[in-house]
Amino acid sequence: MGSSSFLVLMVSLTLVTLVAVEGVKEDIEKAGVCPADNVRCFKSDPPQCHTDQDCLGERKCCYLHCGFKCVIPVKELEEGGNKDEDVSRPYPEPGWEAKCPGSSSTRCPQK
């Protein structure tokens, strides 16, 4: 009877531990969306993260440039925004026209 009681106790403790660990793993998605990734990869890099919780601060775990990495997310489009707009493109700061020679944005390097 002693060994079967020990076995029941061990199984019970294992189940309680597994349930407790699953409760801690609650994956809360951080704000923003992952930037667009147009890079074609022949081989994926090892992941640097698996969920947003693996990343510090506001960074999200996103697939970018051939592997999962912690990156600064882009803001989601506001309701009624242009759905075809590439939100991952780094737009220059306001007032860039005054700082760039000429009137064409193609003549001014973007950030």
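Using N, Cα and C of the backbone, Cβ positions are placed for all residues, glycine too.
Only one of Cys41, Cys49 is recorded by Swiss-Prot as the disulfide partner of Cys61: Cys49. The disulfide partner of Cys55, as annotated in Swiss-Prot and taken from the candidates Cys34, Cys70, Cys100, is Cys70. Out of Cys34, Cys100, Cys108, the record in Swiss-Prot bonds Cys62 through a disulfide to Cys34. Under a cutoff of 8 A between CB atoms, and with a sequence separation of 6+ in the same chain, the neighbours of Cys66 (disulfide bond) are Val39, Cys41, Lys43, Ser44, Asp45. A 10 Å radius around the C-alpha of Cys34 (disulfide bond) takes in these disulfide-bonded residues out of Cys49, Cys55, Cys61, in sequence order: Cys61. Ranked by Cβ neighbours within 10 A across all protein chains shown, the disulfide-bonded residues Cys49, Cys55 are led by Cys55.
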